[in-house]
Amino acid sequence: YPAMVDMQVKLHTTDTAINASLCVFIFVTAFFPLLWTTLAERYGSRPIYLISILICLVANICCAISVNIAMFIAFQAISAIGSSSIATIGGGIIAKRYAHYCILFYLISSNIFEPHQRGRAFSYYNSGVLIGPSFSPIIGGYLNQGFGWRSIFWFLSIVALCIWFGILLILPETKRPPSGESKKTNVQEEYMSTQEEESSSSKVTANSNQEKKKLNLNGLLGPLRFFRFLNVPLGAVFIGILFFTWYIINVNFARIYTYQYGLDSGTVGLCYLPLVFGSVLGGITGGKCSDATYKKQMEKVKNKDDGIPAEVRLRNPIYFASIIVSLFSLIAYGVCIQMNVHYAAGLVCIFFIGFFLVIPNVTTTTYLMDCFSRQSSAVLACSNLIRYVMGGIGSLVASDIQKVFGPAILYAVCGGIVVLVSGNIIIILINGKKWGIQRKEAGI
């Protein structure tokens, strides 16, 4: 983000065109997880990681040598094709009880998580996803200041190459082989011994795998079938609004602190730190709170046959309180920018914005994973489709709508929309039991 101003000048283009490059990246990120998810469930995560990251590597090199905005946008789209596999496949691995974290500089580890630990596990994973768009402006800002904007994409190419080798050498395959097809590991034996009810379904899966050798249109669009369960579109639209607001803030932030406050790109990058810390702390807090609520419900239904409804995570009072506080944080931020208050006041505001916007994001996503734990990658692909489409729209219109309405009105409206659309969650809570029965009848 801090390099957007310099890129606009060096590529002889407009702020809308630069925003369009980001918008294209986000839109492609929205749709291609549908492909990667289908391929990962069929061939395993490891080969898909290797192929997709290689695509990302080549595209970043081409971005670095772009001579005009059209070439840059084209290879940004190709880069998004490669990088879009990480979030959906990685999140799905967690829900399947194998959590592989691609942390900074390709450090990868694995663990096993029970349902009441899933919120915490996903919050840690999601922290890495959030650090990318939040923490990278600091590195990018100083790279741009010291070596020019092209150095950012050379740096990304090097990082992609390191991650590729890390996956090649360290990451094991996470796909469970069908029953009788290969030797089970100790973990799988323990898992199957405690989940005898799934033995019959695993045999059906083994047989059906022989019928799915060809990649067809139905396979690619298979994840979209989950939109027929109303809690998926309702939850995904709410998450999408959170990302719409998130990207409006991110895109406008660099220009505000460059033009209005006169900061250089490196310092602007540092100014993203409050957003980084707020987002990471908010994600961890949201994950732990949702797990605590889930665990408390486990103690209540112990030795009962009713089970634990996934909606229990959404009944945490901190969940709805964070939505209300995010509204006031957005209003305060807009007023500070509008009145040209010292830039430190805006930084305090974006810390709270990051903190309180991420809590409902992590909790709602974990809820969707609980509802469809066996098809979590597909459900996450549906959620990512909506949230990245909304994020792309936000990044494209961010500059123009701020010019029209001004910061105070814009961010107050964004906060109001977040509160309004949170009504989707209330609808889910009201109909959760009925929809849970429908999922069971559908064999989900």
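Any Cβ shown, glycine's included, is placed from N, Cα and C.
Since the structure is predicted, the reported quantities are computational estimates derived from the model, not experimental observations.
Taken from TrEMBL as is:
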type     : residues : note
COMPBIAS : 177-187  : compositional bias 'Basic and acidic residues'
DOMAIN   : 1-433    : domain 'Major facilitator superfamily (MFS) profile'
REGION   : 177-209  : region 'Disordered'
TRANSMEM : 16-36    : transmembrane segment
TRANSMEM : 48-74    : transmembrane segment
TRANSMEM : 86-109   : transmembrane segment
TRANSMEM : 121-140  : transmembrane segment
TRANSMEM : 152-171  : transmembrane segment
TRANSMEM : 229-249  : transmembrane segment
TRANSMEM : 269-287  : transmembrane segment
TRANSMEM : 318-335  : transmembrane segment
TRANSMEM : 341-359  : transmembrane segment
TRANSMEM : 379-397  : transmembrane segment
TRANSMEM : 409-430  : transmembrane segment
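Listed as Cβ neighbours of the transmembrane segment (341-359) (distance under 8 Å, sequence separation of 6 or more from its ends, same chain) are residues 126, 130, 134, 242, 245-246, 249, 253, 256-257, 261, 263, 271, 274-279, 281-283, 285-286, 289, 318-319, 322-323, 325-326, 329-330, 332-333, 335, 418. Remark: the transmembrane segment (318-335) makes no contact with the transmembrane segment (16-36), by the rule of 3 or more CB pairs under 8 A. Remark: the transmembrane segment (379-397) makes no contact with the transmembrane segment (409-430), by the rule of 3 or more CB pairs under 8 A. Sequence-distant contacts of the transmembrane segment (16-36) (same chain, six or more residues past either end, CB-CB distance under 8 Å): 4, 7-8, 48, 52, 69, 72-73, 76-77, 79-81, 83-85, 87-89, 220-221, 223-224, 247, 251, 380-381, 384-389, 391-393, 395-396, 398-400.
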